[in-house]
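Below you'll find the structure, written out as structure tokens, and then a few comments.
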Amino acid sequence: MKGVHFLATFVFLAFAASFAFASDPSPLQDFCVAINDTKDGVFVNGKFCRDPKLATANDFFFPGLNIARNTSNPVGSVVTPANVAQIPGLNTLGISLVRVDFAPYGGLNPPHTHPRATEILTVLEGTLYVGFVSSNPENRLITKVLNPGDVFVFPVGLIHFQFNVGKTKASAIGALSSQNPGVITIANAVFGSTPPIRSDVLAKAFQVDKNIVDYLQKQFWYDNN
């Protein structure tokens, strides 16, 4: 009997936690297929929604996450998203996926944040050095080396990264607690913003010479998303 009570309590807490920590609002209907043209829109919840009677299987489908992408770019990685932009049926459901492919010998998913989502990452192949940094004032770095089948969690909003430390290609699947988690790549945002942040501001923030900031702002900041 104690086991039954424990199981019931565990299930209740699991459901309660899922509601308490969801990043996106709870849906107000069974589903809400996102559309760009409001002419046929019926409900509004995150995006305009198609009349549920007009929904099709393709609204909930996205092919090809099994396919490795080309990682020949400056950072040696590429992110393939499967969020509400690719799967309109995800609208209001508070979840999405990404596939990340890494080149051998140092493919990097650069330090970035997801402002609206926690991420849970599963390694498919290769060996990844991953980590995140806690908020001020500790700024504690928490890292782990992951192998195929390993899982790691990146809390919502914290700066995190993945780096291929193996001699072969690597890949991983990430699940995020938002239909549209957003991504802010730190280097791109700080040194590649449009218009640029004043170099004297960045020089003082990073405690470096202004010429270094000028040099960094002239670089091409590749976006792997």
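A Cβ is built for glycine as well, from the same backbone N, Cα and C atoms used for every other residue.
Here's what TrEMBL has on this protein:
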BINDING   Asn109, His114, Glu119  oxalate binding site
BINDING   His112, His114, Glu119, His160  Mn(2+) binding site
DISULFID  Cys32-Cys49  disulfide bond
DOMAIN    63-214  domain 'Cupin type-1'
SIGNAL    1-22  signal peptide
All-chain count of other Cβ atoms within 10 Å of Glu119 (oxalate binding site): 22
Packing count at His114 (oxalate binding site) (other Cβ atoms within 10 Å of its Cβ): 25
For the disulfide-bonded residues Cys32, Cys49, the one whose C-beta sees the most other C-beta atoms within 10 angstroms: Cys32
C-beta crowding around His160 (Mn(2+) binding site), within 10 angstroms: 22
Cys32, Cys49, His160 filtered to the recorded positions whose C-alpha is within 10 Å of His114 (oxalate binding site): His160
Near-site residues: Mn(2+), ref His112, His114, Glu119, His160, CB cutoff 8 A to centroid: Thr113, Ala117, Phe132, Phe154, Leu158, Ile159, Pro181, Val183
Chain-internal residues near Asn109 (oxalate binding site), provided their CB is under 8 angstroms and they sit 6+ positions away: Val75, Ser77, Val79, Val100, Phe102, Phe161, Gln162, Phe163, Asn224
Inter-residue C-alpha distance, His160 (Mn(2+) binding site) and Cys49 (disulfide bond) (nearest angstrom): 33
